[in-house]
Amino acid sequence: MRFAIPLGAACAWAGVALAALQIAEDDSTITLNNDRFKAVWSKSKGSVVDMFLDGQDLLGPQSGSTGIGPYLDCYCVPSGFYTAGATNPRMQYVEGTDSTGTNYAGVILNDTYTPTGQQFQQYWFLRDGETGLHMFSRLAYYNETTPFLRNLQEFRTLFRPNTQLWTHLTSSELQTAPLPSKNAVSKQVVVQDATWRFNNTPDDAYYTQFSEYFTKYTFSNQWRDNDVHGLYGDGTNSNGSTYGAWLVMNTKGPLHSDLTVDGIVYNYIVSNHHGEGTPNITNGFDRTFGPQFYLFNGGKGSTSSLQDLRSEAAKLADPSWNAEFYDSIAKHVVGYVPSSKRGSVDGRVKLPKGATNPIAILTVDGQYFQDNSVVPSSYQYWTDIDTSGKFRIDRVVEGKYRLTVYADGIFGDFVRDGVTVKAGKTTTVKEKWDAESAGKEVWRLGTPDKSSGEFRHGVARDPTHPLHPPEYLIYWGAYDWQSDLPKGIDYRIGSSDPATDFNTVHWSVFGPTPDNPDVEYNTTHDWKINFSLTKKQLRNSKKATLTIQLAGAKTASGNTDVYNASEPYINLSHESYINDQKEPLSFVIGFNQSSSCIVRSAVSCYQVRSRMEFPADWLKVGENTLTLHLPYNATDTETAILPATVYVQYDALRLELD
């Protein structure tokens, strides 16, 4: 790759004016600014170190790793975390005019981690008339001596302010709250990894309005539902002017979820907090991720509300936004695929009766869509399907894809491999989705929607705080199994209420919690589902099928996908007993299917499902009982402050007769 040579580089200070857009460079910094927005990069840090909107400091003073950003870091070197630019940062700028006639300037960081030879590039671009930074992030590894390095566990950019300007954080309408005060943070009590209790400061605005507990996972969100997230300053510390700092997500998941904002505005590009797979870094690995856009809005004299500034940012969450600009800067960005090498998919799928909220996903051919990372060079696209079954996905990099369609209310997915996309062409797809069936449905429990949120302490709103966040987002230890379900789960089809009588998580062991030191083993591991059958239902039936769909499951591997033979529950067996049968219906949740789901405030993670057939004569006229069994007191070794128990989270269950 060739870079534009900085003009006047031999001088102590160089300045280049592009109409209102200006570039300045000295021995230690590069500065880009236009009429309203200014960003300063430190050549020695490889990061933005100062940022201003209408003269207002958005970052605050530098202190260690705070007061800087956006910057790039990862969990990807043999020792773990690494911040791009920490070894030998080489900073250069580029400039130009895009195809729309708009001037732009960019700053490019190059850094090589010497022990492994991993190459990092971070790109930041500012356009004239915009108040934000367009960003791309690249990691490359070429090493024949060590062809397998490790997994790319985390790859992210962070806007990490150190200022009282910001007063609120938000990742959705339901996940909006005041930031905890410095006083609350100074007196917080650790209850779990990255989770604190503010019981020592009950008058703090976060405590009174949102929750007694704070965890970065409370504001995590699924990418399908996440257009924009960030920070808001209500003017309290900025002379009445309001400000917003947003990560605009014009590329998404859809089931992937992770951290969004907790005082830091994150762009989690690759991660596995909720059990998604991560790509391996092997010889030849070379990926450029982006674009993403950090927008800073409001400004001097602004009285715009959080909702107004958020809505302004959300309008930019469109993959086609600024496409001409991205094509113009593709010559600067290694690995970015321009529009000339992209095509479209125009499809129509006849949906099964009862399908709602359908979605179409393009992922790597031949693989389950949540395993897209097994091919590190793969891409992923998705779009909602309208009520007539139509969808269109534009700007798809040419190649061969798997099409997956799923919908709320329908068990299973529709899958078609071999969807070929050619540059400049539109691929047409017409399909009919016949919902899977193993006979006549006798009953179902839960809604097949890839979430356990409909059950107790799931999406139900917290009644004790005026902002009423969904209960699952708070912290699992805020609730007490022994108080909620002292006799365990004894559910009756047709009369029990799934929102109160079926828990969002099936623990092997529960506790302790901050308010209850007891550990409960006896009522947690076996759950009973009772149901009645008539003679008519059983007549002529030879085969029964039990379908269990899990929205998430935790084995002893947690969210690492690492096999450890010393852990007895590294692969977790889930067993279902029909009436008094001694032999269970079993399926194994593999170590590479495990998620750290509910303990990190999620009800939808890596999906696992099984359809198990058994003789219909195991059932009887009248009362029947299905027992869902996890191993008794099944735990693992945790290196972080997290519950050691294994658990599963049910999406939905169904019994069919044939």
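Heads up, the Cβ atoms here are built off N, Cα and C, so glycines get one too.
Note that the structure is a prediction, hence the values are computed from the model and not measured.
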Q) Going by what Swiss-Prot says, which of N199, N522 is noted as N-linked glycosylation site? A) N522
Q | N592 (N-linked glycosylation site): secondary structure state under DSSP, collapsed to three categories | A | helix
**Q.** Neighbouring glycosylation sites, C-alpha within 10 angstroms of N522 (N-linked glycosylation site) - of N110, N239, N592, N633
**A.** N633
Q. Going by C-alpha distance, which of the glycosylation sites N143, N280, N530, N592, N633 is nearest to N571 (N-linked glycosylation site)?
A. N592
(Q) Please list, in sequence order, the residues in the chain of N530 (N-linked glycosylation site) that are at least six apart in sequence and whose C-beta is under 8 Å away from its C-beta. (A) D490, Y491, R492, I493, E623, N624, T625, L626
Q. How many Å lie between the Cα of N143 (N-linked glycosylation site) and the Cα of N280 (N-linked glycosylation site)?
A. 14
Q. Looking at the glycosylation sites N110, N239, N280, N564, which has the shortest Cα distance to N592 (N-linked glycosylation site)?
A. N564
Q.
Quick check: in three-state DSSP terms, what is N239 (N-linked glycosylation site)?
A. coil
